[in-house]
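Below is one structure, written out as structure tokens; comments come after it.
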Amino acid sequence: MDRGSDPKHTAGMDSDSDPGQAEVALAYQRFEPRAYLRNNYAPPRGDLSNPDGVGPWKLRCMAQVFATGEVSGQVLIDIGSGPTIYQLLSACAHFEDITMTDFLEVNRQELGLWLREEPGAFDWSVYSQHVCLIEDKGESWQEKERQLRARVKRVLPIDVHKPQPLGASGLAPLPADALVSAFCLEAVSPDLPSFRQALYHITTLLRPGGNLLFIGALEESWYLAGEARLSVVPVSEEEVREALVCSGYEVRDLRTYIMPAHLRTGVDDVKGIFFAWAQKIEVQV
């Protein structure tokens, strides 16, 4: 899922996997989507009026990559969507078939409320408005949200700790032209080797030459989502870079955001955020 500062995405923990992964899976049964959204997507972290804030930074990173025109195609898969949609607001103009995913049914249900425009759905309009502002295409936020809803074709379970993260059902078209993943892998991995293995697993869903847009927490060890206090594997910028290279990517861009003191609100111990744009290397024959 996505977190906020961003805690996490619960993509993936099979109770039949190793003990560390099983422990993570059990902890996530207490995850509360609305508490997570309040902690990370309502003010102060959800205040988009300050361009130096974490929210504008993440949205700007995504918009700038798509503005290059180098990331497009037919099929996009969002890995560990959590209860959030902001990570797809720039992407939806460039892909006609989008799959959202999460390990937790409660997060998939939360996404469904927004996608179906049901009463009580979380209000993402401030984020949609901000993306329209920075993209400057003359598009209204209502048009932006309509397009995203129309292009999300399915919301599926996922387990990034399995060699086939989406299973063998064939419900999502594969391989994807692009992957997005925000605050997922570090949040659902008990240690660095599991994080690297999860990245390798999701990379199998991506075509050679395809792009990964990857956002996550730097040097974070825990975060809160209601009564749940969830462990995170702390990663550094260099460890993220090394994991991408080991999974067969060329790193096109890797940048970091240092969390300012006024946004360290006690809901986690995150030190910063990373954003990576990486391209899966095509094997030469």
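Note that the numbers count up from 1, one per residue, in the order the chain is shown.
Yeah, the Cβs are placed from backbone N, Cα and C, and that goes for glycine too.
Record check, Swiss-Prot: S-adenosyl-L-methionine site residues include Tyr36, Tyr41, Gly80, Ser81, Tyr86, Asp102, Asn107, Asp159, Val160, and the candidate from Ala182, Ala217, Ala243, Ala261 also listed there is Ala182.
Between the binding-site residues Tyr36, Tyr86, the minimum number of other C-beta atoms within 10 Å of a residue's C-beta occurs at Tyr86. DSSP assigns Asn107 (S-adenosyl-L-methionine binding site) to a helix.
The binding-site residues in question are Val160, Glu220, and the one with the fewest Cβ neighbours inside 10 Å is Glu220.
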